[in-house]
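Novice: Starting off with a structure, shown below.
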Amino acid sequence: MTKVLYNHDINEKALQEKKIAVIGYGSQGHAHALNLKESGFQVVVGLRPGKSWDKAVEDGHQVESVADATKQADVIMILLPDEYQPKIYAESIEPNLEEGNALAFAHGFNVHFSQIVPPENVDVFLVAPKGPGHLVRRTFEDGAGVPALFGIYQDYTGNATETALAYAKGVGGGRAGILETTFQEETETDLFGEQAVLCGGVTSLIKAGFETLTEAGYQPEVAYFECLHEMKLIVDLLYEGGFENMRYSISDTAQWGDFVSGPRVIDADTKARMKDILTDIQNGTFAHGWILENQANRPQFNAINNRENKHEIEVVGRKLRELMPFVKQAKKAKDVVSNGTR
Ligand SMILES: NC(=O)C1=CN([C@@H]2O[C@H](COP(=O)(O)OP(=O)(O)OC[C@H]3O[C@@H](n4cnc5c(N)ncnc54)[C@H](OP(=O)(O)O)[C@@H]3O)[C@@H](O)[C@H]2O)C=CC1
Ligand SMILES: CC[C@](O)(C(C)=O)C(=O)O
Ligand SMILES: [Mg+2]
Ligand SMILES: [Mg+2]
């Protein structure tokens with residue numbers, strides 16, 4: 001079995017005298033900066049003036065421009081949106097790198113697809129938490145953590161692995177398990193997971209179920225609770241103990257329906273389309289389309305996003321969630337991070 005590393009396997013020495021620049025203070029950025037600081041490491045946050053800057057100051061960080069944070073740091077973790085990274089890297093990071101620095105990423109996209117080509121005299125690694133940034137922070141505060149992958153693209157100093165592992169431990173990955181990967185494997189599996197299963201797959205499944213019920217005349221509120229709200233409760237059981245644990249808790253009627261109807265929804269054709277999606281990721285078709293979409297100022301992204309936000313499941317869900325104040329909302333936390341108001 002692949003070796004999974006935990007806190008007790010990792011020596012933090014490689015990062016102890018070092019300064020870490022966390023560039024960006026969004027979903028991942030705020031979680032890395034706060035978790036690393038609370039793990040005892042020196043952190044400077046690199047940003048442009050604005051909402052994230054104000055929030056990072058409010059959270060007690062030293063905040064500098066991206067260029068100045070890079071100049072001061074030994075390890076530069078780039079946690080900007082993937083689509084803006086190449087420009088900001090070229091303008092403010094690369095000119096300020098010094099020999100022996102470490103350049104780090106939480107996703108391999110830009111290095112793997114050659115949108116960022118690092119100089120030869122720095123270490124290059126990734127530490128990719130396998131979870132949303134707000135949960136990287138929330139679980140850390142709760143004394144737990146989110147699993148993380150680490151991968152070395154370039155080991156100029158000979159210390160890249162020790163540095164990456166200390167970083168992964170600092171953000172809380174060593175509480176849940178740290179696995180070695182490559183930039184290629186992380187990039188391709190992460191893109192596949194978010195498109196086919198975790199985000200694209202799940203939202204399409206929920207929406208199709210909701211629409212099937214409402215088009216048949218059932219109440220939208222009932223359809224919302226059935227297809228979206230209860231998803232989290234079922235997924236919690238999967239998270240805690242896999243399929244067996246979930247099936248232990250549901251009724252035998254549900255389990256029989258799971259066995260006979262699940263494969264009618266997700267069948268061999270669905271799997272063949274998943275393979276097509278993976279091929280498009282592997283051969284660069286997806287990356288090419290996403291890069292062009294951004295160069296054109298996101299016409300399709302914005303149109304689809306507006307349409308999705310107006311879908312009946314979102315309208316009814318907003319109303320129902322207002323009546324459940326115990327439901328925590330990452331979007332509110334994200335707005336807080338990006339608009340500086342708490
Ligand atoms: N979201 C997640 O949970 C995960 C993300 N990743 C990876 O982590 C990286 C970061 O993603 P994510 O956290 O979602 O990013 P976000 O969209 O949350 O990051 C936004 C941050 O970037 C800052 N920013 C944007 N443009 C600039 C600029 N021109 N100059 C300076 N700062 C700027 C924003 O500041 P401002 O307020 O000024 O706009 C804000 O602080 C990506 O590589 C992603 O693939 C990996 C695992 C999970
Ligand atoms: C699942 C989406 C993700 O890959 C993540 C939170 O891990 C992302 O890019 O945000
Ligand atoms: Mg991911
Ligand atoms: Mg991702």
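Placed from the backbone N, Cα and C atoms, the Cβ positions cover glycine too.
Per TrEMBL, domain 'KARI N-terminal Rossmann' is recorded for 2-181. Annotation source TrEMBL lists NADP(+) binding site at Tyr25, Gly26, Ser27, Gln28, Arg48, Ser52, Gly133. The active site feature in TrEMBL is assigned to His107. The domain 'KARI C-terminal knotted' annotation in TrEMBL covers 182-327. According to TrEMBL, the Mg(2+) 1 binding site annotation covers Asp190, Glu194. As annotated by TrEMBL, Mg(2+) 2 binding site applies to Asp190, Glu226, Glu230. Look at TrEMBL and you will find Ser251 tagged as substrate binding site.
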Novice: In angstrom units, rounded to an integer, how far apart are the Cα atoms of Ser27 (NADP(+) binding site) and Asp190 (Mg(2+) 1 binding site)?
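Specialist: Rounded to the nearest whole number, the Cα-Cα distance is 16 Å.
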Novice: Quick one: mean pLDDT on the domain 'KARI N-terminal Rossmann' (2-181)?
Specialist: 98
Novice: Per DSSP, how many helix, strand and coil residues does the domain 'KARI C-terminal knotted' (182-327) have?
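Specialist: For the domain 'KARI C-terminal knotted' (182-327), the helix, strand and coil counts are 124 helix, 0 strand, 22 coil.
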Novice: Filter the binding-site residues Gln28, Ser52, Gly133, Asp190, Glu226 down to those with CB closer than 6 A to an atom of ligand 3; keep them in sequence order.
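Specialist: Within range of ligand 3: Asp190.
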Novice: Just report the maximum Cα pair distance in Å for the recorded NADP(+) binders Tyr25, Gly26, Ser27, Gln28, Arg48, Ser52, Gly133, no decimals.
Specialist: 20
Novice: Quick one: among the recorded positions Arg48, His107, which has the most Cβ atoms sitting within 10 Å of its own Cβ?
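Specialist: The residue with the densest Cβ neighbourhood is His107.
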Novice: So which binding-site residues out of Ser27, Arg48, Asp190, Glu194, Glu226, Glu230 are up against ligand 4, CB under 6 A?
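Specialist: Checking each Cβ against ligand 4, the ones under 6 Å are Asp190, Glu194.
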Novice: Which one is closest to His107 (active site) in space, judged by CA to CA distance, out of the binding-site residues Tyr25, Asp190, Glu194, Glu226?
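Specialist: Checking each of Tyr25, Asp190, Glu194, Glu226 against His107 (active site), the shortest Cα distance is to Asp190.
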Novice: Tell me which binding-site residues (Gln28, Arg48, Asp190, Glu194, Glu226) have a Cβ under 6 A from ligand 2; sequence order is fine.
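Specialist: So the answer is Asp190, Glu194.
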